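Participant: Checked Swiss-Prot, it gives:
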{"type": "BINDING", "residues": "Asn45, Gly46, Glu47, Arg104, Gln105", "note": "ATP binding site"}
{"type": "BINDING", "residues": "His138", "note": "Mg(2+) 1 binding site"}
{"type": "BINDING", "residues": "Asp178", "note": "Mg(2+) 2 binding site"}
{"type": "ACT_SITE", "residues": "Lys202", "note": "active site"}
{"type": "BINDING", "residues": "Arg204, Asp230, Asp234, Thr235, Gly236, Gly237, Thr238", "note": "D-ribose 5-phosphate binding site"}
Amino acid sequence: MTAHWKQNQKNLMLFSGRAHPELAEAVAKELDVNVTPMTARDFANGEIYVRFEESVRGSDCFVLQSHTQPLNKWLMEQLLMIDALKRGSAKRITAILPFYPYARQDKKHRGREPISARLIADLMLTAGADRIVSVDLHTDQIQGFFDGPVDHMHAMPILTDHIKENYNLDNICVVSPDAGRVKVAEKWANTLGDAPMAFVHKTRSTEVANQVVANRVVGDVDGKDCVLLDDMIDTGGTIAGAVGVLKKAGAKSVVIACTHGVFSDPARERLSACGAEEVITTDTLPQSTEGWSNLTVLSIAPLLARTINEIFENGSVTTLFEGEA
């Protein structure tokens, strides 16, 4: 059996989709449980079949899926897993989405557009999820899209600990890639010894996806070792451009830090050649450092395991952030 037992009753069960089984195994190791066996396969027409190999009746179930490419396939697989647990009489179902899909579509920019991030929350609820866990949502308002508890976890302590251990904080300047993430940059600056801040002002094209048409630095980065942060990096165009702007403004060096390394082509080429000393990310999405000498991948598994344990024990997830959630 793979469940963790409490008071002679089967309780905690961890389930993994096929997108990133390595992360689920790492979380399971932290929790001292096994990932519950599941049969999953694709039919010839692209439909997905899932079935769990053990009883889930009365269990506290946690369904982990990383939404990497092909994103829509893995999203559908997680929804089917949740539906199967609901129909199998699971007591409580928590959907764990380390990287929340469609998070950038959290509002209408123009008429006749969907609010896709809200739809994802509705789909999770309809499938049978009682709770959602995610890491560093693109915008905080996504927490309100789901009609139930949402645990919004933060990777900042993991990333800042790496900075503290590997860089001299005396000359650090924390840089936000845009004005919208200045609040997050302030938290980073406080954590890194009240470091000075700057941000990159950018103008994004409304017609061409992932294209920045202009940007400039607001703040003094001359001679500074800059930590350029963001929640996610997709094609890397914005961040690579920001590195260039910081270097032109006199930055001594630039380190890039992000929670979600989407890294769609040609991100690897751009970030390898942009002049950044290091690109730091986590494994909320599957990563490979092969052929990418300046990429560092930190594990999110301990954070997810502690979160799962607090939920399972009916504890306080907020305590993981010393009162900041």
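Note that Cβ sites are derived from N, Cα and C of the backbone, with glycine treated the same way.
Walk me through where these features lie, including what they touch and how far apart they are.
Facilitator: Listed in sequence order, the residues of the same chain lying 6 or more apart from Arg104 (ATP binding site) and placing their CB within less than 8 Å of its CB are Ala117, His138.
Just so you know, the Cβ of His138 (Mg(2+) 1 binding site) picks up 21 other Cβ atoms within 10 Å once every protein chain is counted. In the three-state DSSP scheme, His138 (Mg(2+) 1 binding site) falls into the coil class.
Residue density at Asp178 (Mg(2+) 2 binding site): 18 other Cβ atoms are found within 10 A of its Cβ, drawing on all protein chains shown.
Every protein chain considered, the tally of other Cβ atoms within 10 Å of the Cβ of Lys202 (active site) stands at 18.
Counting every protein chain shown, 24 other Cβ atoms lie within 10 Å of the Cβ of Asp230 (D-ribose 5-phosphate binding site).
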Participant: Could you give the Cα-Cα distance between Thr235 (D-ribose 5-phosphate binding site) and Glu47 (ATP binding site), in whole Å?
Facilitator: 29
Participant: Any idea what DSSP makes of Gly237 (D-ribose 5-phosphate binding site), helix, strand or coil?
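Facilitator: In the DSSP reduction, Gly237 (D-ribose 5-phosphate binding site) maps to helix.
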Participant: Between any two of Asn45, Gly46, Glu47, Arg104, Gln105, the residues recorded as binding ATP, what is the biggest Cα to Cα distance in Å?
Facilitator: 30
Participant: By Cβ count within 10 Å, point out the most packed of the binding-site residues listed: Glu47, Asp234.
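Facilitator: Sorting the candidates by Cβ neighbours within 10 Å, the top entry is Asp234.
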Participant: Please work out the number of neighbouring Cβ atoms within 10 Å of the Cβ of Thr238 (D-ribose 5-phosphate binding site), leaving out its own Cβ.
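Facilitator: Its Cβ shell of radius 10 Å holds 20 other Cβ atoms.
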Participant: Using a 10 Å radius around each Cβ and all protein chains in view, which of these binding-site residues has the most neighbours: Asn45, Gln105?
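Facilitator: The residue with the most neighbouring Cβ atoms within 10 Å is Gln105.
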